[in-house]
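Student: Before I ask anything, here is the structure I am working with.
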Amino acid sequence: MPKIGIIGGSGVYGVFEPKEVVKIHTPYGRPSAPVEIGEIEGVEVAFIPRHGKYHEFPPHEVPYRANIWALYELGVERIIAINAVGSLKEEYKPGDIVIIDQFIDFTKKREYTFYNGPKVAHVSMADPFCPELRRIFIETAKELGLPVHEKGTYICIEGPRFSTRAESRMFRQFADVIGMTLVPEVNLARELGMCYVNISTVTDYDVWAEKPVNAQEVLRVMKENEEKVQKLLRKAIPKIPEERKCGCADVLKTMFV
């Protein structure tokens, strides 16, 4: 079974052709869609469309626990997560790729843990993302000449609404990009000792910029971003070693009370 899982949108189908569909019912319900298994450049991967096959789940209703558990149950050890984000800083331009290294949780009512009792866990999130996967994707993006930021802080809001201008100006003080789907995905993966890397693609500037958003321009950038991510996945995934040496699974030794 695949050791690598991808959670993202329909753009993944540009590099991935499903060969098998696995329906899984987890202790947390059904995932966003049946897990699709196929190959990217000869490497077996499992894919879940985060928002559902037909984009039926808004960000605050995505079954995050079921998605992560389904991949875990299949034997996946590493998760590559792909997100579209808005920019909070001038230097993070539309069309850029950000390999996120930190996040701030501004969500409100999601299911954040697998351990609601009687077993209790406090997982370390000081460094939330797999250093080995981050290195591979940063180096590969540079090799391909893609516009990549090696670091970035992602603030995750509840959604589904976008920010007010006042909120956006506040968020600019402590984050670089803004989105709605990183949390609780990243901490759930950590609770199961899974590696997790986030590839965020910038679609536009958030409303702090006070520039009118051109829908056609956003759609154009999103299409270009899909193509960049497809190139990145094709080139980076074959570089991921069989054996993990990152220490992501070590959190399991210290997180239980």
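Glycine too: its Cβ is placed from the backbone N, Cα and C atoms.
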Student: Name the residue, out of T153, T164, T181, that Swiss-Prot lists for the same phosphate site as S10, R50, H51, please.
Tutor: T181
Student: Of the recorded positions listed here (S10, H51, S163, A215), which is spatially closest to D206 (substrate binding site) when Cα positions are compared?
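Tutor: That would be S163, nearest by Cα distance.
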Student: I need the CA-to-CA distance for M180 (substrate binding site) versus H51 (phosphate binding site), whole Å please.
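Tutor: One finds 12 Å between the Cα atoms of these residues.
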Student: Show which residues of the chain containing R50 (phosphate binding site), separated from it by at least 6 in sequence, have their CB under 8 Å from its CB.
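Tutor: Within the chain, R50 (phosphate binding site) has Cβ neighbours under 8 Å at I7, G8, G9, S32, F57, V62, N67, T181.
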